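Enquirer: One structure, as structure tokens, below. Some questions next.
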Amino acid sequence: MAIVNVNRFLKEVESTDLKIDAISSSELYKDATFFKPDVLNCIKRFESNVKVSSRSGDGLVLSDFKLLDDTEIDSIRKKSNKYKYLHYGVILVGIKAMLPNFRGMEGRVIVYDGACLDPKRGHICSYLFKFESDCCYFGLRPEHCLSTTDANLAKRFRFRVDFDCPQYEQDTELFALDIGVAYRCVNSARFLETKTGDSGWASQAISGCEALKFNEEIKMAILDRRSPLFLEEGAPNVHIEKRLFRGDKVRRSRSISAKRGPNSRVQEKRGFRSLSARIERFGKNEFGRRASASEAPPGRSISMEDSHRPGKGTSDGSSP
């Protein structure tokens, strides 16, 4: 099941304020039509825009990253007395290279359930991205719903992103990462079919991406939830689009800077292996396709909330 028409998406995505706006609501839900403004108004959109800076030539790793911020989670929980379930119509991931000679560079994105203690069962999907143009995209449409009253709702979709980083001066912004989501709250799964009648799991490599199977390397990456990049979040952005005969279209986004933090050197001494080390060991043509338990470092399962508490000079990328 294809989530988007690739040619139409690639044409639209560069002309929208948010990447997630390149996917229309009518593509996600069959009842999202012009004649049902209430349905269109209940489909919410949120996007995180992350600028990733270099770390003195080391490989870059962004781990345990939240799909939604606290403001969005609070808004969903306030609707729990009216709606029982939360459904993600689509999650869109875009990676943009902002450096010369980017063609052939690659990396990996792992999406997983941060509340699941079993990495294999909690693994949602993984993609290898390789720059043939300056942007790579993939999308996924989960089959399952989540509870609006789930105490661990913020943990249910987490991301780990590994970048192959060339040698640059520290804090040079090299990559832009856009993670957007369109979702709705419902009381019945019968409202979740697309306009083609599909309601099952879907994952699509839109441009420059290739799906990866779960393996030992991905397992160890999920277990190692330390983030050597310091996340610095700016003020949230509200995007309002005026519409005739219907309510205004309101979307939220957040801008985040990911760079080397004050504790990065300490984390490296604890055994963190950069992406550059993995690529050198396995070879670029094997990245993400091969795993060796004997070569993988012991994983530590710690949450961003524990390692980034106030007073330690870190942030988890969500609103205060």
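Each residue, glycine too, has its Cβ placed from N, Cα and C.
The active site annotation in Swiss-Prot covers HIS144, ASP171, SER199. Taken from Swiss-Prot, the feature region 'Disordered' applies to 251-270, 286-320.
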Enquirer: Show which residues of the chain containing HIS144 (active site), separated from it by at least 6 in sequence, have their CB under 8 Å from its CB.
Expert: none
Enquirer: With every protein chain in view, how many other Cβ atoms are within 10 Å of the Cβ of ASP171 (active site)?
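Expert: I count 12 other Cβ atoms within 10 Å of it.
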